[in-house]
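Taken verbatim from TrEMBL:
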BINDING   E:His112, E:Asp132, E:His134, E:Asp136, E:Asp217, E:Asp219  Mn(2+) binding site
There are 6 protein chains.
Amino acid sequence: MSFFDLYMNRNPLITSSDDDTEPVATVFGVPFDSTHSYKPGCRFGPDSIRDSFNNIEIFHPDLQVNLETVNIEDLGNTRHTVVASEMIDMVKKITTELVAKQRQLFILGGEHSITYGTYTSFPKETGYIVFDAHYDLRDEFADIKLSHASYLRRIVEERGSENILHVGARAFVKEELEFLKENNIKTISDREIRDGKGPRLVKEYVSTFDSIYSSFDLDVLDPAFAPGVGNPEAVGITSRELFDMIYPFQETKVIGADIVELNPYHDNGSTASLAAKIISTLIAMNLSPNQ
Amino acid sequence: MSFFDLYMNRNPLITSSDDDTEPVATVFGVPFDSTHSYKPGCRFGPDSIRDSFNNIEIFHPDLQVNLETVNIEDLGNTRHTVVASEMIDMVKKITTELVAKQRQLFILGGEHSITYGTYTSFPKETGYIVFDAHYDLRDEFADIKLSHASYLRRIVEERGSENILHVGARAFVKEELEFLKENNIKTISDREIRDGKGPRLVKEYVSTFDSIYSSFDLDVLDPAFAPGVGNPEAVGITSRELFDMIYPFQETKVIGADIVELNPYHDNGSTASLAAKIISTLIAMNLSPNQ
Amino acid sequence: MSFFDLYMNRNPLITSSDDDTEPVATVFGVPFDSTHSYKPGCRFGPDSIRDSFNNIEIFHPDLQVNLETVNIEDLGNTRHTVVASEMIDMVKKITTELVAKQRQLFILGGEHSITYGTYTSFPKETGYIVFDAHYDLRDEFADIKLSHASYLRRIVEERGSENILHVGARAFVKEELEFLKENNIKTISDREIRDGKGPRLVKEYVSTFDSIYSSFDLDVLDPAFAPGVGNPEAVGITSRELFDMIYPFQETKVIGADIVELNPYHDNGSTASLAAKIISTLIAMNLSPNQ
Amino acid sequence: MSFFDLYMNRNPLITSSDDDTEPVATVFGVPFDSTHSYKPGCRFGPDSIRDSFNNIEIFHPDLQVNLETVNIEDLGNTRHTVVASEMIDMVKKITTELVAKQRQLFILGGEHSITYGTYTSFPKETGYIVFDAHYDLRDEFADIKLSHASYLRRIVEERGSENILHVGARAFVKEELEFLKENNIKTISDREIRDGKGPRLVKEYVSTFDSIYSSFDLDVLDPAFAPGVGNPEAVGITSRELFDMIYPFQETKVIGADIVELNPYHDNGSTASLAAKIISTLIAMNLSPNQ
Amino acid sequence: MSFFDLYMNRNPLITSSDDDTEPVATVFGVPFDSTHSYKPGCRFGPDSIRDSFNNIEIFHPDLQVNLETVNIEDLGNTRHTVVASEMIDMVKKITTELVAKQRQLFILGGEHSITYGTYTSFPKETGYIVFDAHYDLRDEFADIKLSHASYLRRIVEERGSENILHVGARAFVKEELEFLKENNIKTISDREIRDGKGPRLVKEYVSTFDSIYSSFDLDVLDPAFAPGVGNPEAVGITSRELFDMIYPFQETKVIGADIVELNPYHDNGSTASLAAKIISTLIAMNLSPNQ
Amino acid sequence: MSFFDLYMNRNPLITSSDDDTEPVATVFGVPFDSTHSYKPGCRFGPDSIRDSFNNIEIFHPDLQVNLETVNIEDLGNTRHTVVASEMIDMVKKITTELVAKQRQLFILGGEHSITYGTYTSFPKETGYIVFDAHYDLRDEFADIKLSHASYLRRIVEERGSENILHVGARAFVKEELEFLKENNIKTISDREIRDGKGPRLVKEYVSTFDSIYSSFDLDVLDPAFAPGVGNPEAVGITSRELFDMIYPFQETKVIGADIVELNPYHDNGSTASLAAKIISTLIAMNLSPNQ
Ligand SMILES: [Mn+2]
Ligand SMILES: [Mn+2]
Ligand SMILES: [Mn+2]
Ligand SMILES: [Mn+2]
Ligand SMILES: [Mn+2]
Ligand SMILES: [Mn+2]
Ligand SMILES: [Mn+2]
Ligand SMILES: [Mn+2]
Ligand SMILES: [Mn+2]
Ligand SMILES: [Mn+2]
Ligand SMILES: [Mn+2]
Ligand SMILES: [Mn+2]
């Protein structure tokens, strides 16, 4: 055995204690933020999440799962492009290949537009639940049809709104509200979360699906909990409220998830640690013997 | 029509989609922080609030108001001075001119001492409600009679305490407490807010006035929600608690408001986004057909 | 009298308004972080806490105590070392000397390993209550037996676990959980705190001791409230919950306390202001006539 | 006269002491950085330059010019777009309108691609001199033909290379070198500047033109002098060397100039103060009675 | 002997290896920046210089001096005031007391206005040499007569200009130039320094005095070398040029010096390390057996 | 062929355009800074250098080398330890394995102590040239024998001083100077570099060796050029002076090199871009057909 095996890891990629077993999950990053309208920088999100993930404790006593002893496959980042359509094309092809492998998949953003490339590469019957302070339902924004502000409209146009649940919106424009209503998109509002109804409503929704894909736009959280985002929107939900809505995912199987809009330029580490905990929790839930 | 009209805006000033209609509100900044005792920098507050305001969604579904289609007048900042008395003189003259125009007025600080120049330029019968972690009732501080730590005492000396409500104090010295009691200044304490009594008490107070002026010292918030202030004071109120006390303003008419003590040196964007939301909410409430 | 007495203070050390009376408390700093595993920098913690302490209002109306008129002795920092065993040796000797003086003692960290040198220099019957997101019960970490990740195990090995209460753990590994159970270490869990049981459980515990030593690893707080730590761990307790568990200390006498793991590199001032408030509160409680 | 005239300025826009006289120069900003390949953020460049310009002393004793008493017109920023072709279209139309007014024009970037829209709107016989660590002569970059890495190639394709002088390149790829040679683009190399030949070579070049347009990609400077750029390239020229190449512009008339690639995220104020000094120097030279 | 003597130091104050011998120099700080016109924060300068000084190597082989074995007395900072006249009064009284002790004195700023209080407390025949990018000769600035922008005019009015040498000005307004000429103030210009004439001119000047007081406004340096200042002015002198003008001080005796305008908010450590080196060099020169 | 091959890279590791050919160089990182005495954080150096390297243009026209088409092998980082002796043991074993492969080797620090593990694993006849503001020749520092402040003494004790050249020292203590003289360690002083003698002296030295190992402590540079270091020492050499001393390496073969002491906490990107350029230059020189 070489000393490399003993002493070296592939850090800054996500590293596992055990590299020899079949991976329990696959991760890749999409460092894309070219359509960003306010504070750019979420292209640096994937590496920041990796760094935080490599430094948190990953034993879940409630779930009886010890992530220290499992293998997570990190494929690195997609090559650089500044063209949204190129990015989507690339992300769709990669995701499609990975979906075929039937391993829990995590995509690290990058801006929310990447979800248009990832979720639509999963089977049609997959439920979609997105946490976001915004609806991202504009028809066009800053002269472009496909951006972080319109990705969900593109998805609805392509797949319909049946399998979609939007959670936590608190800032939007009139045209988004109209599209939302016309398409009967299901929602859990900021107010419902605050009133404590979130977990039950999520549970009801996810239990109707065999498998779901979940998208976490971190700006759904109050900027106190997630300052490192491109569009901080005051007066959001707490991290406890978010995780209380994640635990009900145990009712179904999370086959894919993305964590988007993390902007390290404005983060102090809090946001990255939340992103890391979302990932470790979803993996642990997937592996839990209780499930 | 020129391409300027089509393509240019006056940003970094606050910009409106519609520049041709009568403005619904007027804004000006006072970049003054010369009497600051701990962490200077709130002189950069006005421009930081503008930047955030220009980047938030400003449609209020509850209030049925779409700020995207209204005109807001931004007069820019007062010229630079480091002398408090000069600043007050200047601010009084400007505010007096603007009060005469009977348009909702927003003053962006700068340190809290500016309020001595603004509120006192409104009619005497105007109610005054201030949110602050501190009383600002010292007789003198750091060798000066008129400073952010004593402005409210100066107001009380000039106008009496009848129309004043202080909300959220959690840090003060003995002499302030004595002055407070001697002058029977009405208060809503940090404890009362935590116990959920804030909204009702605010409602009771504001409903006794035809019009009010409101002053927001952002340090009333917990530093988790508003880190970008000159005197962060641990264990404060949440942003939800603050906005729950703003909504009852619908019982009256907010004719003027200031947002002070925002220090961009220590902000990560959270504090500025809160300041921007306070402004957009007060404008929307003022325009609301419900009112 | 010299003008020095009139105009100079010992700032950047902690300064008191009254330097002539018997000090009510003694403070020293241990700028040590050499065993830190993730984000180093808590060696700068002591000076950051001093700066914040020198700038907060320190009158406690509930406790009827005015810290403005008392004298606090600040001994400065220990000399620099990068060797944990040297640091412990030094800290033990200094603490032992100070314990003999029977004055309330505050130690400013620095990483958590310093507690192994301080608490063990107090009398054996002193109760120990520690607030921490982690158990710090590893047998070894990063090739060293004595580190911030294992200090509590070393204390238990030396003194047993009888007098120990651990509060707020939410991230740990399997071996720590096993050691915890084997040694019957008393705990208040993150869940119990969230459910509101913290204050009562703390009260029950501390009331069984004549005197206690309390250790505050600031990462027990949610990163929203305490971003400036070396190991931010998402979804923690609020500052209100922490202080609600501090007030019951009035049931006993706090003869020593440390505040550790504050990392100014990642702080925006919030964390330092919390640390300062912990100190001022513990001093005020110690002096309170109610006690 | 109103107190507004007396006390208010349009700051944060560039403000002049004298607003009533005919402006001596016009300024507008293009907050565009969507094709940026490494560190985004130069969209914030225009406002950062304004802030610095408003705070420097602007009397030039050598040039006998006092900018304190002249009027500079600031039109604000172009509206937001993330599409390069839209930005170019908009910038071309605006510049064309402004060129017709025959007033010295300054464009504040934003990334270097904007120059493709500005310079090409000036008369064909206008000389073009660009300072840049890079050639920006790629055929395509990150899947896009028009970007900060290829703008100069687009200009050469449209206008030929006759009137172009490139100054200061020190980092490039093979295809750029080939295009450079094929098109006989004139250059002053980093080595020639270091050897002190820059000023003479610039003088020779500019004296063959009645009027020139100058483009300043701030990364031409060593990162020591200009850390706030998107692509810092080590071992560049000093600020003295740059200004020694600017003074010879007195041999001709500078009718337009852009300052691009300033990224405030990575600046400490040095880069912005350099940008501001470039502008004030070019205005003063234009007004100088010596000219 | 107590363990305190062995293990504790007075850090964050400046600490010496040898606390028992007669100090060779005295230091105090003036954390005042209330008249600052652009970027406030130099009130934090004194503590930042201390921190850097405590961490540099202080053996000077050329001068044959080992500062590791000498005692430096640090008196801490003056109490807080925001009123310039109060600050000056306080600083004058303290300096006068210290001058009587005939020990080399260092004052750590704070803004440049403090020099009006310090230099004028030294004997009239003391030479004054100031390094500054600005003249600080305005009659009034931002509505105040005594500020960092006018302190030198106040000194000239009080003491005449005979003993004054100004070094390094590169940014000023017309009225300053006029006052400079009317009063025949001696200068070494930025251009003369760049041409290598600085050291000889300084030497000629200082050799006509038995003792001098030197004032270092760190903005005399190029922002590349000293980014941490309140008014960064592009294209200044290098640190080598500055120190080449300090070494000729060996021709006389430096009995007092101030280092002002260091703003830690904008520093990355470079500026503080320069300030620390200025102090250690002046002490070493004062102690040098060559002298 | 999979889309992974097409679209994914291993970024954040160093990536090459061509992964299929034999690598021309090997890189690994040692994220160790536990013995650091002042500003910790150089444990984050390796990843910061990688990020910068992945974003610079790497075509060297003078050397006729195009790094875009070669393969560089990046092994990642060593596992975490806080014990210097463990780190050295690990680094020695890894380096020894890699030396056997006879490929140009780059080690990314981390603190300077790592060089004790790397250089000593190369053949004894390998020349050693180190650039450093400090001698690192203490016998002990901060209670430890093996640290960044003493690593070179340990090397001299083990290997003698014959093959060692120290370049650029400007800050040291008496004991280091004595050891230097006793052991006749060859030096190029800061003064000699400033006087332009550096390149010739380096050339003379390296031409006596068949192969050399070079160590770059980035603090040899002036903080203006390399602010991101743990011990910034004012008034150092320029980046041009450093590279002028690197080019003479063409007289020999550089078989190994380390770049140490880069501290991203204090960097603005300048320092990382210098580190990246050192690596690309050394690789290009090694591949140059001129050689
Ligand atoms: Mn979104
Ligand atoms: Mn969103
Ligand atoms: Mn206030
Ligand atoms: Mn306040
Ligand atoms: Mn701990
Ligand atoms: Mn902890
Ligand atoms: Mn360019
Ligand atoms: Mn460039
Ligand atoms: Mn000055
Ligand atoms: Mn100056
Ligand atoms: Mn070294
Ligand atoms: Mn060094």
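Each residue, glycine too, has its Cβ placed from N, Cα and C.
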Env. residues of Mn(2+) site, Cβ within 8 Å of mean position of E:His112, E:Asp132, E:His134, E:Asp136, E:Asp217, E:Asp219 Cβ: E:Val130, E:Ala133, E:Tyr135, E:His148, E:Val220, E:Asn231, E:Val260, E:Glu261
Count of other CB atoms lying within 10 Å of the CB belonging to E:Asp219 (Mn(2+) binding site): 28
Entry from the binding-site residues list E:Asp132, E:Asp136, E:Asp217 having the most other CB atoms no farther than 10 A: E:Asp217
Sparsest-packed of the listed binding-site residues (E:His112, E:His134) - C-beta count within 10 angstroms: E:His134
Of all listed binding-site residues, namely E:Asp132, E:Asp217, E:Asp219, those lying near chain D with CB under 8 A: none
Mapped DSSP class for E:Asp217 (Mn(2+) binding site), helix or strand or coil: strand
Collapsed DSSP category at E:Asp136 (Mn(2+) binding site): coil
